[in-house]
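Note sheet for the following structure.
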């Protein structure tokens with residue numbers, strides 16, 4: 001392959017990744033500009049089954065239901081983003097009538113009550129900003145994205161709907177007025193200049209309207225401003241043969257929040273102090289493990305170096321004695337492990353996953369992806385994973401060549417790398433999709449989307465991975481520093497099984513990341529936004545170092561016990577971190593998501609947790625294996641045996 005072809009491929013990969021970031025740019029509006037809000041699927045923390053916004057008797061736009069431009073990630077994240085009839089006119093404060101529904105049928109009334117009892121909420125966006133609602137419980141102000149379908153009324157067995165919404169749109173103007181050399185924005189002066197939307201808030205309430213009077217109005221007719229209902233008689237109840245009238249108010253308020261910092265309001269939901277505490281724990285763990293690794297190198301290597309340089313006669317005399325510990329394994333340390341092809345495939349796949357995670361986290365840390373755009377983030381992950389198949393195929397095939405001593409069979413290794421992790425995801429997702437399809441949830445994706453994913457898989461991902469494997473056959477082979485004996489050495493019996501130490505080693509990397517894992521799970525399942533990507537990058541870097549050092553220490557401990565079967569143990573020493581991740585996810589399900597209703601919701605949660613645990617196994621396992629491999633190679637290269 002020529003250098004120009006490689007440059008063309010790199011340019012195409014970077015262009016594709018950059019294209020997936022489209023849409024996250026600034027929009028500027030002026031006076032009386034029409035801005036339409038969008039709505040996503042209705043979601044609930046009780047069922048985890050999203051449903052279409054228009055599956056309930058809400059007002060529909062006069063021009064019909066239109067979907068917003070989406071991508072593969074949006075479809076896979078079951079984000080059904082459509083335009084709503086809620087219209088905002090730039091700088092125009094008004095109260096607006098939307099529509100009045102026909103009398104609710106028995107089915108519609110029952111469905112609406114069921115969605116309300118399952119705590120479903122509306123997810124609305126304006127200029128890509130999710131709407132924020134506030135509530136106060138026991139003197140504590142709570143902020144969350146979206147707003148509930150139900151209007152909470154105490155001491156009542158009836159169900160009430162939030163049919164009147166009071167919106168507040170925060171805007172930031174371009175115009176600054178300077179006073180005495182200082183740039184000060186005059187918030188009181190009227191202006192119809194260009195502005196950006198920097199905040200979107202809602203205060204839902206329930207108001208009972210007279211259906212006959214409301215039907216005389218047309219959509220977007222102005223009405224009088226409304227106050228909060230003071231009693232149940234003035235709130236809109238949900239029952240059969242009852243008509244629902246929907247209205248809203250909007251107020252534009254000037255703000256000094258800049259467009260670049262408009263997501264700071266959402267980042268306050270998670271509590272950044274917990275993220276930094278996780279970083280501190282990771283750094284402390286790294287310092288301890290680094291000290292242990294330093295002692296190992298200092299104790300083991302220093303004498304050999306002293307002997308070679310003639311600086312320590314005592315060290316030379318000691319090394320001339322009969323070798324002990326790991327030195328006895330010179331003829332067995334690089335013996336081919338069992339299931340070497342599977343090990344090569346898992347290492348190559350793990351490297352590909354690790355690279356995808358770091359590239360995505362770095363892009364998010366620079367603010368190139370809005371936290372609300374989960375579909376865009378998933379699209380970015382898919383494209384990065386697809387093109388990083390070159391690296392995965394290269395590493396996996398090179399490991400295979402090293403273990404086998406030849407490149408024979410590299411095509412099957414590359415194909416397995418291209419199929420392993422995507423195949424696992426597709427299999428689990430197909431089962432979950434069948435469950436959601438049976439329950440008629442909008443989370444179920446269509447057959448055409450499966451075909452799109454398969455085409456992306458076989459037409460781009462697989463060839464790119466094969467390209468990496470082909471490049472690995474050209475690379476210079478890795479040479480072992482010692483020769484392998486024909487007869488394997490017998491491994492001495494140990495008091496405790498060696499795998500017990502390997503299994504326990506997974507707790508070390510888990511201890512550095514469990515706080516960040518809790519924040520991630522809370523953000524994902526409770527609809528919050530994980531916008532502290534800078535600390536996430538630090539935690540991921542710390543995890544890489546901890547996994548490498550943990551696996552290195554376990555490998556050295558096994559070599560000292562004259563156990564030459566270190567290959568799989570080095571992979572599992574850090575990779576079994578995934579077992580603790582999965583166990584923690586189950587614990588989070590029981591303790592924090594105990595209100596999940598139905599077996600189907602639990603199946604969806606467990607399926608998603610299983611995918612995350614498998615990705616953690618492959619990623620951290622490959623890190624530990626590669627660190628141990630180069631450590632063992634350096635260990636036997638630096639000594640004369």
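Positions of Cβ are set from backbone N, Cα and C atoms, glycine also.
Quick look at what TrEMBL lists:
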TRANSMEM  274-298  transmembrane segment
TRANSMEM  342-369  transmembrane segment
TRANSMEM  375-395  transmembrane segment
TRANSMEM  415-438  transmembrane segment
TRANSMEM  450-475  transmembrane segment
TRANSMEM  496-526  transmembrane segment
TRANSMEM  532-554  transmembrane segment
TRANSMEM  566-590  transmembrane segment
TRANSMEM  602-632  transmembrane segment
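Of the Cβ pairs linking the transmembrane segment (566-590) with the transmembrane segment (450-475) and spaced 6 or more residues apart, fewer than 3 are under 8 Å, so the two regions do not touch.
Long-range neighbours of the transmembrane segment (415-438) within the same chain, counting only residues 6 or more positions beyond its ends whose Cβ lies under 8 Å from a Cβ of the stretch, are 49, 341, 345-346, 348-349, 352-353, 389, 392-393, 396, 444-445, 450, 453, 457, 461-462, 465-466, 469, 600, 603-604, 607-608, 610-611, 614-615, 618. Proximity of distant same-chain residues to the transmembrane segment (602-632), defined by a Cβ-Cβ separation under 8 Å and at least 6 residues beyond the stretch ends, is recorded for 48-49, 333-334, 343, 346-351, 353-354, 357, 395, 421, 424-425, 428-429, 431-432, 435-436, 509, 525, 543-544, 547-552, 554-556, 559, 566-567, 570-579, 581-582, 585-586, 589, 593, 596. Sequence-distant contacts of the transmembrane segment (342-369) (same chain, six or more residues past either end, CB-CB distance under 8 Å): 17, 21, 24, 260, 263, 376-377, 380-381, 384-385, 388-389, 391-397, 399-400, 403, 413, 416-417, 420-421, 533-534, 536-537, 540, 544, 567-568, 571, 575, 615, 617-623, 625-626.
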